[in-house]
C-alpha cells in the first residue's frame with residue numbers, strides 16, 4: 001500500500017505534465033524591453049491560498065519547455081535551473097515577478113509563469129520583445145561632385161546595430177526622394193550579424209542632378225521600432241559640388257576700360273559661368289582672325305593708341321560661345337613751338353603755339369614762373385617783362401595720370417639805354433642826379449666827372465626789375481660840372497652826359513623816369529579817367545535825347561493851342577460883324 005506523500009508527488013508530476021500539454025491560463029501578454037535593459041515580467045496570476053510553489057519556463061521554437069526558476073511558498077527559497085544563457089541573469093521576487101538583466105535579442109521568447117497547488121497548475125504566458133535603437137544614419141562614400149544630366153552615385157546611407165531592422169529614406173532639401181526612372185535610383189539592403197542578431201541597413205542613392213541642386217542639402221533617415229513605438233533618426237546634411245557646362249562667356253579688362261592710356265599694361269580676363277570654370281580660352285586681338293590660346297588671362301604690355309579696337313575671347317572647344325569688349329587706348333600729344341631756351345631781342349615778334357592732339361577733349365593751362373595765365377601768350381613786340389619760364393600743360397581729366405607739359409624759357413636781350421634826370425632838393429643845398437638804365441643782361445653803371453675823369457663810387461642803386469634799374473648820386477657842386485653815366489653789358493657800351501649847374505644857380509629840374517609799377521598805376525588811372533569821361537558823354541547824350549523829345553512834344557502841343565486860340569478869335573470877330581449888320 002502506497003504512502004500519502006508518494007501519492008501527492010505522483011499527482012503533482014501529472015499536473016505539471018498536463019500543464020505543458022494543455023496550457024490552461026490567461027491570454028497573450030507582451031513585455032517590450034530595450035536592448036541591454038532589465039526585462040521585468042510580472043506573473044499575471046492571483047496567488048492561491050494552497051500554493052505549493054511557483055515556477056518559470058520558456059518555450060523553444062518546437063514548443064518544448066525549458067524551466068529556468070523555482071520558488072517554494074513554504075520554504076521561501078528560490079532555485080534557478082542550470083540554463084547557460086541565463087546564468088546570473090535571473091531574479092524571481094516573492095510575488096513571482098521574473099527579472100532578466102542585460103536584455104538580448106535571444107530573449108525574445110514566450111515565457112510562462114506557473115503557480116502550482118495540490119490539485120491544479122495555473123499558467124500565465126508573456127511574450128517578450130527586445131528592441132535595439134540603430135545608430136545615427138551617416139552618408140558615406142559620397143561623390144566628390146555631381147554632373148548635370150548624368151545619373152551618378154551620390155552616396156550610401158548606413159545605419160547599424162538595429163533590431164528589428166529599419167527602413168532608410170532619402171531627402172532633398174527636406175523633401176522625400178522617390179524612385180524615378182533614369183533620375184532617382186534607390187537600392188536598399190540589410191544584413192544581420194549572426195552573433196548579435198543586430199541589423200545593418202544600407203541604402204545607395206543614384207541621382208541625376210541639375211543646376212537647381214546647387215547648395216541643396218541631401219539627408220537620409222532611418223525609421224525603426226522601439227519599446228514605445230516607431231521613431232526616426234536623421235543624418236547630417238551633405239551638400240555636393242554640382243558640375244555644369246559653361247553657358248555664357250564674359251570678358252573683363254583690367255584696369256577699367258575708361259582709364260587705359262598709352263604705356264599701360266592691359267590684362268584681358270575671360271570668364272565662363274560653368275562649374276568648374278574653364279581654365280583656357282582663345283583670345284582674339286583687333287584685326288587678327290586667329291585666336292591666341294591662353295589661360296583665363298591675357299596681358300598686353302606698353303600699349304599704344306593703335307591697340308584701340310574690339311577684343312574677344314571664346315571657349316576652346318566651342319568657339320561660337322564668345323564675348324567681346326571695345327577698348328580705347330587714350331593718348332595725349334603736346335607740341336610747343338618754340339620750346340626750350342629761346343633768346344630774342346627787345347621789340348622782336350615771337351609767335352608761340354601749343355598744339356594738342358588727344359583721344360578726348362583736353363584742358364590746356366599756361367603758366368609763367370609758376371603763376372597761371374588767363375590766356376595763351378602772344379608777343380608782337382617783346383618787352384623785358386615778357387622774359388620768364390613759360391609752361392604749357394594739358395591733361396585728360398577722365399584718365400588719371402595722363403598729362404603732358406612743355407616749357408619755354410624766354411630770354412629778352414637788349415642794348416643798354418640811358419636816360420639821365422636831375423632834381424634840386426627843396427632846401428637848395430643838394431642836387432639828385434639819376435641815371436635810368438634799361439637793358440639785358442643787366443648793364444653795369446659807372447659815374448664819372450667829365451674833364452677830371454674822376455669816378456664817383458658813392459651811389460645808390462634800385463633793384464633790377466624787368467630789365468630796368470637806376471643809379472642815383474647826390475651832389476652839392478660849387479661850380480658847373482658835367483656828369484657822365486656809362487652803362488655796359490655783353491651787347492654794347494652806352495654813354496650819356498648831363499650838365500649840372502652850381503648849387504647857387506637855379507635851373508629847371510627834369511622829371512623822374514616812371515617805373516614799371518608806377519607806369520601800370522598811371523595806365524590804370526588813365527583807364528579809369530577814360531571810363532569816367534565815356535560814362536559822362538553817354539549820360540549827356542541820353543539827357544540830350546530826352547530833352548529833344550520833350551521839346552518836340554512841347555512844340556506840337558503849342559501849335560494845337562495856338563490853333564485853337566485863333567479859331568476862337570475868328571469866331572468872335574464873326575459874331576461882332578453879325579451884330580453890326582443887324583444894327
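Please read every residue number as a count from 1 along the shown chain.
Even glycines carry a Cβ here, placed using N, Cα and C.
Per Swiss-Prot, the features are as follows:
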- 569-583: compositional bias 'Basic and acidic residues' (COMPBIAS)
- 28-120: domain 'Ig-like V-type 1' (DOMAIN)
- 125-234: domain 'Ig-like V-type 2' (DOMAIN)
- 333-409: domain 'Ig-like C2-type 2' (DOMAIN)
- 91: N-linked glycosylation site (CARBOHYD)
- 95: N-linked glycosylation site (CARBOHYD)
- 167: N-linked glycosylation site (CARBOHYD)
- 265: N-linked glycosylation site (CARBOHYD)
- 306: N-linked glycosylation site (CARBOHYD)
- 361: N-linked glycosylation site (CARBOHYD)
- 457: N-linked glycosylation site (CARBOHYD)
- 480: N-linked glycosylation site (CARBOHYD)
- 499: N-linked glycosylation site (CARBOHYD)
- 562-583: region 'Disordered' (REGION)
- 1-27: signal peptide (SIGNAL)
- 550-583: topological domain 'Cytoplasmic' (TOPO_DOM)
Closest of 91, 167, 265, 306, 480 to residue 457 (N-linked glycosylation site), Cα positions, glycosylation sites only: 480
Distance [Cα-Cα, Å, rounded] between residue 480 (N-linked glycosylation site) and residue 95 (N-linked glycosylation site): 165
Position of peak Cβ density within 10 Å, selected from the glycosylation sites 91, 361, 499: 91
Inter-residue Cα distance where the pair is residue 167 (N-linked glycosylation site) and residue 91 (N-linked glycosylation site), in Å: 36
Chain-internal residues near residue 167 (N-linked glycosylation site), provided their CB is under 8 angstroms and they sit 6+ positions away: 188, 201, 222, 223, 224
Cβ atoms near residue 306 (N-linked glycosylation site) (within 10 Å, other residues, all chains): 11
Lowest local Cβ density (other Cβ within 10 Å) among glycosylation sites: 265, 457, 480: 457
Residue 499 (N-linked glycosylation site) versus glycosylation sites 95, 265, 361 - nearest by Cα: 361
Distance [Cα-Cα, Å, rounded] between residue 306 (N-linked glycosylation site) and residue 265 (N-linked glycosylation site): 14
Cα-to-Cα gap, residue 361 (N-linked glycosylation site) vs residue 265 (N-linked glycosylation site), nearest whole Å: 23
Length of the line joining the Cα atoms of residue 95 (N-linked glycosylation site) and residue 265 (N-linked glycosylation site), in Å: 98
Three-state secondary structure, which DSSP defines for residue 306 (N-linked glycosylation site): helix
